[in-house]
Amino acid sequence: MGAMGKPLMRIPYTDVLPAPTIRPPSAGTFAGALAALHDFFAAPAHGGLPASTAVLTGAGLSVASGLADYRGTNGTYRVNKTYRPIYYHEFLASHEARKRYWARSYLGWSALHKAQPNAGHHAVGDLGRLGLVSGVITQNVDSFHAKAHPEIPTLELHGYLRSTVCTSCWNEFPREAFQGQLAKLNPLWAAFLLEAIASGALDTENPAEERARGIRMNPDGDVEVPDAPYTTFRYPACPTCLTSPPPLADGTKGVVEVDRDGAWSPASSAGILKPAVVMFGESISHRVKHEAEEAIDGAGRLLVLATSLATYSAWRLAKRAKDRGMPIAIVNMGGVRGEDAFFAGLDPQQLGGQGLRVEMSTESLLPALAAELRRSGFRGTSSPLPAGTGAGVARLNQSDSAAPFKDMLS
């Protein structure tokens, strides 16, 4: 979510990364890419490593589902140079920042909620059913992997948007129910959202159309409407903390107050709900870090899909795989952070078994790969991890100020 003011920390790799070197060179064609991926999966396990493959995915995988990404061809950092996400410390410290965040999230939730996994997600499931993929680590917060292949465990490295979580008691609540509460607290915003949906203003994925309609669709369900009265937006308090205020870090009892409609009051010192995602500037829990490392250490290959690895939390996992001697395959449109190091030491004559780099759409390439492997009767030897492995595994009076807002789509 965009926030006000100047950034206090640098967002990594917002500029275009260097173009990749296709490896092997024959993987520059669709047929060659399929052959290289076949060789990647068919090659004997390297150096006594397990035969299983871990998959690491990023935002580019969900672009075909209609969701925005950060660093793709039409990614937010490319087409909206003024955009920056809200930082965790800002969200915690500022009531106004939370109003802005939840207003924009409220507008974007309906489109995010109705979006569905695409052929790329389903193809990952097909590879799992062929015994080739034992688990998925995803940076995405859209829950598409769990929907597309629930039998394959998915570690959600950066959390998920399907829930909110209290920053005081850490209880989680369904995002869909929270959306209903936001609608009740903000009837004029709810009316505007209905108008936006009816007009199709939230359906476009074209940046030029977005500009013409006066909106910007950013990643993670963020909808930006210039000059919208974010200060009028209200959001609920944590129901658990409202009933039983928690102790604060200093040992005193927290205060949770709401107005007569149930909106969180600035007089409160606790009970703030946030999305159940790892926000910018927020640390990934030690438990999730450990589970991600275990997923890498328990596999013999790493398949990286639709990510530039710009975030350190993802890049470090690829580096860990390289340090363990695991073959790495990268399928991504555009450059990847420090990618040449992942292919250092490869035999120039190898055909994909030692590693590969392909610049093609996962939406077309992965289904074709799964279909070809299925036709040939190819099967791997790995078995999916038991469902439920790991804690990070996915389950599934405003009238005056709002008057101009109501007219924005006219």
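Even glycines carry a Cβ here, placed using N, Cα and C.
Look at TrEMBL and you will find H158 tagged as active site, proton acceptor. Taken from TrEMBL, the feature Zn(2+) binding site applies to C166, C169, C238, C241. Residues or ranges marked as domain 'Deacetylase sirtuin-type' in TrEMBL: 24-376.
Of the recorded residues, C241 (Zn(2+) binding site) and the residue listed as 'active site, proton acceptor' place their C-alpha atoms 25 Å from one another. Cβ contacts within 10 Å of C241 (Zn(2+) binding site), excluding its own Cβ and spanning all protein chains shown: 22. Taking only the Cα positions, the spacing between C169 (Zn(2+) binding site) and H158 (active site, proton acceptor) is 20 angstrom. Fewest other C-beta atoms within 10 angstroms, among the binding-site residues C166, C238, are seen around C166. Report note: the Zn(2+) site is defined by C166, C169, C238, C241, and the residues of the same chain whose CB lies within 8 Å of the CB centroid of those residues, excluding them, are T167, S168, W170, N171, A237, P239, T240, L242, P246, V256, A270, G271, I272, L273.
Neighbour density for C169 (Zn(2+) binding site): within 10 A of its CB lie 17 other CB atoms from the protein chains shown. Sequence-distant neighbours of the residue listed as 'active site, proton acceptor': residues of the same chain at least 6 apart with a C-beta under 8 Å from its C-beta are Q139, N140, V141, V277, V278, I284, T311, S313.
Across the residues of the domain 'Deacetylase sirtuin-type' (24-376), the predicted structure has a mean pLDDT of 92.
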